[in-house]
């Protein structure tokens, strides 16, 4: 007979009750209804149905997914959570008791994960509550992207993306919105998120033996949070490969589970399934962010990493991707006192690294001068770029570029590791991504990420002029690949492609690197000016008549030529002043 898995418990039948008792002892803002063990409801200690003047947000489901859902009870998130037994939906009477306890005249929203038991029990409880005069709306969350559609009447499973829906709904309710408005925001959020999980082991239930379904060298893709089989069992792979597969599955245009396309902003959640060390979750998060940026062309605005919806002691993680507009970001950033919602994750973030302090003579004055010159000239061109863009686009090219250049100047003095060229390029991309919206922000983020990847992969010690030339080529290739632009399409590439070509040619015949840089800057300017003769084949300019285009150069190309040539001139002046020889 198999031996039950080792756990720090008493009677396996009492684990949920004793968990609730420990939870409310730990967090003074929580209480539970005095109906244990039959009625297992955790609720806000500061809310009473008699005088609560906001929409109550209620969720729940089977236990074993801690901290979900009871850990999200608190101001700004859930008003109450209904706990079932381990992996079992809570009974109707418990759900109804929770509704009665916290629902005032504004009504309540039930956020329900898409499992048959949860839908039936919460659905019946909602109908019974309505007969008692309560206003009740329900939102079903099914964010699973692991299994191919269709899934019959069962649909997609509710996974960790539900926690983001809780936050959006809770913030909307805290803002005083009506029940209909809170429900609409929660439903919208549920349609914007997709999740997929992977695991090295299945979970062990209290008092039961652990399944040996997965062998020692195997992992499972797309398994459910109750340990139910997923899409495939495969050999264990490095986390880089696993993360790539999961992101591709979530964002697949074939299944179209989430309406996310290149240029969108997203929120990333890396969720531990109970038995995965935080170190491994952070590794997965650190690999997912640049992949989303570089491979999928997405701006990652928020990252949440930790255990949000577990599966007891399962060794695994899930990734959730949510499309994030400004309204969703505001809801996610809104204050919350739920004990398990992460702190310190809201708001725009500075560059991820700051330089190791070095003596002044070790600072890279060349890079600093080039960056400053490039940013300064872009700021000076703001009005001209806006004027040109007003005739061939939407009129904000100068303003957008100015925001990015201003952020670069501010961040360079405080954060950039100027002694590390690759990391400096990466941080420039972070500055741009933080403040530049629209297509321009994504394109420049792609440029920087591609250049960073090239420098990081091929620079052994000191960066050479050839390394910079290769990085520029990689950047152009990335933009061309993901945006579809080519030479002659009347885009910024019409400045950068000639610059790259001249730089490579001059370096190959032994030209002094600084001179080659300056000559390539002149080529960039000539290329940008030549766009006045081109018919646009990309961007908003492609909708403008040829007559109008014939009098205006492409603003994006002019901006690119301006910063590139300014950087080249600054390098020349700096090398002459310091007498530096650049390789």
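Cβ coordinates come from backbone N, Cα and C, glycine included.
TrEMBL annotations: computationally assigned, not manually curated.
Taken from TrEMBL as is:
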DOMAIN    11-341  domain 'DhaK'
BINDING   62, 63, 64, 65, 118  substrate binding site
ACT_SITE  226  active site, tele-hemiaminal-histidine intermediate
DOMAIN    365-569  domain 'DhaL'
Discussion item. If you count other C-beta atoms within 10 angstroms, which of the recorded positions 65, 226 is the most crowded?
Written reply: 65
Discussion item. Neighbour count first, Cβ atoms within 10 Å, every protein chain included; then name which of 62, 64 tops the list of binding-site residues.
Written reply: 64
Response to the item:
Whole-Å Cα distance, residue 65 (substrate binding site) to residue 226 (active site, tele-hemiaminal-histidine intermediate), is 9
Fill in: Alpha-carbon distance [residue 64 (substrate binding site); the residue listed as 'active site, tele-hemiaminal-histidine intermediate'] in Å
8
Worksheet entry | In the chain carrying residue 118 (substrate binding site), residues 6 or more apart in sequence that have Cβ under 8 angstroms from it | 60, 61, 62, 89, 112, 158
Discussion item. As a test of the contact definition, list every same-chain residue at least 6 positions from residue 63 (substrate binding site) whose Cβ is closer than 8 Å to its Cβ.
Written reply: 15, 16, 19, 40, 83, 84, 85, 86, 87, 88
Fill in: 8 Å Cβ shell about 62, 63, 64, 65, 118 centroid, substrate site members excluded
61, 68, 69, 83, 84, 86, 87, 88, 89, 226
